[in-house]
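Marked as ATP binding site by Swiss-Prot on the basis of sequence analysis: Lys29, Gly30, Gly31, Val32, Gly33, Lys34, Thr35, Thr36, Glu236, Asn263. Per Swiss-Prot, the feature active site maps to Asp58; the stated evidence is sequence analysis. Swiss-Prot lists Cys275, Cys278 with the feature Zn(2+) binding site.
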Amino acid sequence: MVDNLPPLEPSLQNLVEQESLKWIFVGGKGGVGKTTCSSSLAVQLAKVRESVLIISTDPAHNISDAFDQKFTKVPTKVNGFDNLFAMEIDPNAGLSELPDEYFDGENEALRVSKGVMQEMINALPGIDEAMSYAEVMKLVKGMNFSVVVFDTAPTGHTLRLIAFPQVVEKGLGKLLRLKMKLAPLLTQFVSMLGMADVNADTLSQKLDDMLRVITQVNEQFKNPDQTTFVCVCIAEFFSLYETERLVQELTKCGIDVHNIIVNQLLFLGKSHNSCSMCASRYKIQEKYLDQIADLYEDFHVTKLPLLEKEVRGPESIKTFSENLMIPYKPKETAPM
């Protein structure tokens, strides 16, 4: 009987030990501590993987604050680590977010292709954000990181990030069909401008290369051996509601999800003399923890504490990250 099975390990140890994982998304409602959790997971992965990259797709870019170090759109080594790198992208910026080096080349075609591609993409509603993800994926795959952790924006953006391979595949198909019709005109136009080495094939080669990578990424996203999603929530109604919606959407998209982090919990021992507000919050959290236990009995549910101080800086994150591997137990306070 299923009811007789022991509960799953209340930690992220299963993810850290799963060597086949290539992409790990961490997401949930705003304000639940996603960045702290994703940064802590990246730190633990760095202990067992050759190279780890954490990418922030949230325009707020909180990982710079978390590690107390400025990150950019180029992967940068995190201070205090040899194999942990971080980068921040703004999906709303489209192709302009890409490093300029991506479009460098010996001929004029690559130098003008960025602007031309941006104009072509703007003609397809909804694809701009997806294309920025696509180009980042293309860059990241070329760097061969062992595993990539995504610190995602709140739920709506996250679902678009998950769906971007399908959007890009559909959009690039349209662009390539359009290219077949416009190729003679484009070649004639650039020749008039004196750029003889620019042709439609040069531009479309970028699109062909990207489509090949995105098709591969799309397959990997649907493979539970290579991709999983970690939902972060707090023990409150709206956060739990958002988490359930996210789990359902991820399941619909074919994305594996079997880990939930419940963050910012009060751990009040029997001997703990708490204030009335703390006691009240504790009761509310216990109610929603019971609901989480019922809803997600086949999930690994990790419980993390609400701390007196912010988790900020490499050393602080290293210490806090241990709670992802070993279930947190509060220190008992002596009765007064």
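Backbone N, Cα and C define each Cβ position, glycine as well.
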Where among the binding-site residues Gly31, Gly33 do you find the Cβ with the fewest other Cβ atoms within 10 Å? Gly31
What's the longest C-alpha separation between any two of Lys29, Gly30, Gly31, Val32, Gly33, Lys34, Thr35, Thr36, Glu236, Asn263, the listed ATP-binding residues, in angstrom? 19
Distance from Glu236 (ATP binding site) back to Cys278 (Zn(2+) binding site), taken between C-alpha atoms, in Å: 14
Taking all protein chains shown into account, the Cβ-based neighbour count within 10 Å for Thr35 (ATP binding site) is 25
Among Asp58, Glu236, the most crowded of the recorded positions [Cβ within 10 Å]: Asp58
Could you measure between Gly33 (ATP binding site) and Cys275 (Zn(2+) binding site) for me? Cα positions, answer in whole angstrom. 24
If you count other CB atoms within 10 A of each CB, which of Cys275, Cys278 wins among these binding-site residues? Cys278
Count of other CB atoms lying within 10 Å of the CB belonging to Lys29 (ATP binding site): 21
Once the DSSP letters are reduced so that anything not helix or strand counts as coil, what is Cys278 (Zn(2+) binding site)? helix
